[in-house]
Amino acid sequence: MKKLLYFLRPYKNKLLLMIGLLFIQVMGTLYIPTLTADIVNNGIVTGDLDHVWKTGGFMLLTAVVTAVFSVLGTYTSTYISTGMGCDIRGALFRRAQEFSINDFNRFGAASLITRSTNDVTQIQVAFSIIVEMLLPAPFMTIAGLILAFSKNRLLAFTILGFMIAIIVFVVMMGKKVIPIFDSLQVLLDKINRTVRESIIGVRVIRAFNRTGYEKMRTDKTFQEYAATAIKANKIFAVMIPFVMVLMNVCTLVIIWVGGSQVARGGMEIGDIMAIIEYAMLTLMYLLMGVAVFIFIPRAQICANRITEVLENRPEPAASIVQISEGEADAAVEFRNVTFRYAGAEEVVLQDINFTVEKGKTTAVIGSTGSGKSTIACLLMRFYDIENGNILIDGKDVREYPQEGLRDKIGYVPQKAFLFSGTIADNLRHGKKDATEKEMYHAVKTAQIDDFITNLEKGLESPVSQAGSNFSGGQKQRLSIARALIRKPEIFIFDDSFSALDFKTDARLRKALKQDVSESAVIIVAQRISTILDADQIIVLDEGKIVGKGTHKELLENCPVYQQIARSQMSEEELA
Ligand SMILES: Nc1ncnc2c1ncn2[C@@H]1O[C@H](COP(=O)(O)OP(=O)(O)OP(=O)(O)O)[C@@H](O)[C@H]1O
């Protein structure tokens, strides 16, 4: 929680102003019972109507001024808490942008969303509760007690006794409720994850008639959350009425003890009224102050979850990297690369060696799960390798600054992803100042120009969330156009032609040849027809290179390639 105090720094002056406003509000609130006692003792009891009017008017003025300061105080605290919430969310988003893919996997999308939304809201609520309930509590209770002591010591001791009883009771209840709040936050993550999955996977759920099962699964998660929340509320349901009973008993004792003192002439009647009000104020604020300690642990958990993200070390800084012996003049070189995913026992890639020349196309083929996409990810340094070097222009990727490295690469992912906005917005992800001419050129090469020109709004046509209003092939071609517009030094097409029909695939590759003639191109593919004319084909099998050469060479000397080729091509095509 302390670490989040940093976010209050810009609001230092407003914070001081708020404390000042709060102080005046507390003074005003405490002054009113003294005026009540004065009206009763010196106005009503003595029949001095003038005094009643004068003191009553002053009391009204005090109440109005207190109310105005209270409104101003609440406004200032809300201003600070919303501003702070906005700043924390911004910081979380910026930090998440620096995450490595491993970090994303570790935190999980659902948890990152909960942390940026609900957890920040909890911090904002905690801030408001602390300033509005906890800060005035010590002042209000101490000042209230002193004023009560100034009127009657015995009754003041009575109030003190009830104060201790309330503290003991609330602390006991708090011990029960805090662990429940702990689990509520974890369950919220679970709700987020389940709902997210059932929305994203809605087509699969319907296609497989799993709506009933999904409903049961989400219902179970909701019920778990509700049951836990009810458990916490049950404790509050007992706690609040019991404290009210304690407060009422306190009033009763004051009236009883004070009444007998008035009867004996040891006390004035107005003072009883003042003491009752002091008692209510002190006990109420004390209750609120203690209750805050129940909410603070929940905020503490949220604060820890937020700082965990904020303090997560960004991708490893460039380190001195030992480059093993060898020439380094290729655009891309994998040199003795071995890699395993975090926490995995088996290596995914083992001793991988190949180069990609500028102006040449290198294809990577292999059975599913053989490590093809992993090669693409490693080149962009989504993960760090265990052994070896990945060199771009002779320099290890770990020595490049993140942006500098990724500026060199135009990546088309296996799963085409579009952002909500317009087609042009999506193309501008590739190049932020792309002109209309550049955009049309890119979509033409990507073979999607006809489709776009037929749309009423052309490049300005809307794209729904994740590109859900486009077909798989259209999304793939738009992703290709987005990479092309960048004109990078290296292209990575990760199985990017799989959703295209053979004719479009062939046309696209022909058009591509001219656009990418200056770059080093890596094509990850499943279909042999896509890579027939590649300058070099790398054949992967269970994370190892088992063949390297042209289509013709591999057909002659690589059994794994022959097997793949036979499964996809006719004997005539192979001959
Ligand atoms: N994030 C990850 N964490 C752990 N293991 C992973 C991760 N991503 C992939 N793997 C594992 O690494 C291996 C290689 O995966 P990769 O995606 O590179 O295969 P691929 O050859 O591209 O497969 P496909 O052709 O089916 O796309 C697989 O066995 C996969 O289970």
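Cβ atoms here come from the backbone N, Cα and C positions, even for glycine.
What TrEMBL records for 15-32 (among others) is transmembrane segment.
Among the features that TrEMBL reports, domain 'ABC transmembrane type-1' is placed at 16-298.
Residues annotated as transmembrane segment in TrEMBL: 52-75 (among others).
According to TrEMBL, the transmembrane segment annotation covers 125-148 (among others).
Taken from TrEMBL, the feature transmembrane segment applies to 154-174 (among others). Taking Cβ pairs closer than 8 Å, the transmembrane segment (154-174) reaches residues 141, 144-145, 148, 235, 238-239, 242-243, 246-247, 249-250, 253-254, 257-258, 261, 272, 275, 278-279, 282-283, 286-287, 290-291, 293-294 in its own chain, all 6 or more past its ends.
Listed as Cβ neighbours of the transmembrane segment (235-258) (distance under 8 Å, sequence separation of 6 or more from its ends, same chain) are residues 152, 154-155, 158-159, 162, 165-166, 169-170, 173, 176-177, 180, 267, 271-272, 275-276, 279-280, 283-284, 287. Among the features that TrEMBL reports, transmembrane segment is placed at 235-258 (among others).
Per TrEMBL, the feature transmembrane segment maps to 278-296 (among others).
Model confidence over the domain 'ABC transporter' (332-567) is summarised by a mean pLDDT of 87. Summarising the annotation, TrEMBL assigns domain 'ABC transporter' to 332-567.
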Using Cβ atoms and a strict cutoff of less than 8 Å, what residues sit near the transmembrane segment (278-296) while being 6 or more residues removed from its termini? 1, 29-30, 33, 125-126, 129-130, 133-134, 136-138, 140-141, 144-145, 147-148, 151, 155, 158-159, 162-163, 166-167, 170-171, 173-174, 177-178, 181, 243, 246-247, 250-251, 254
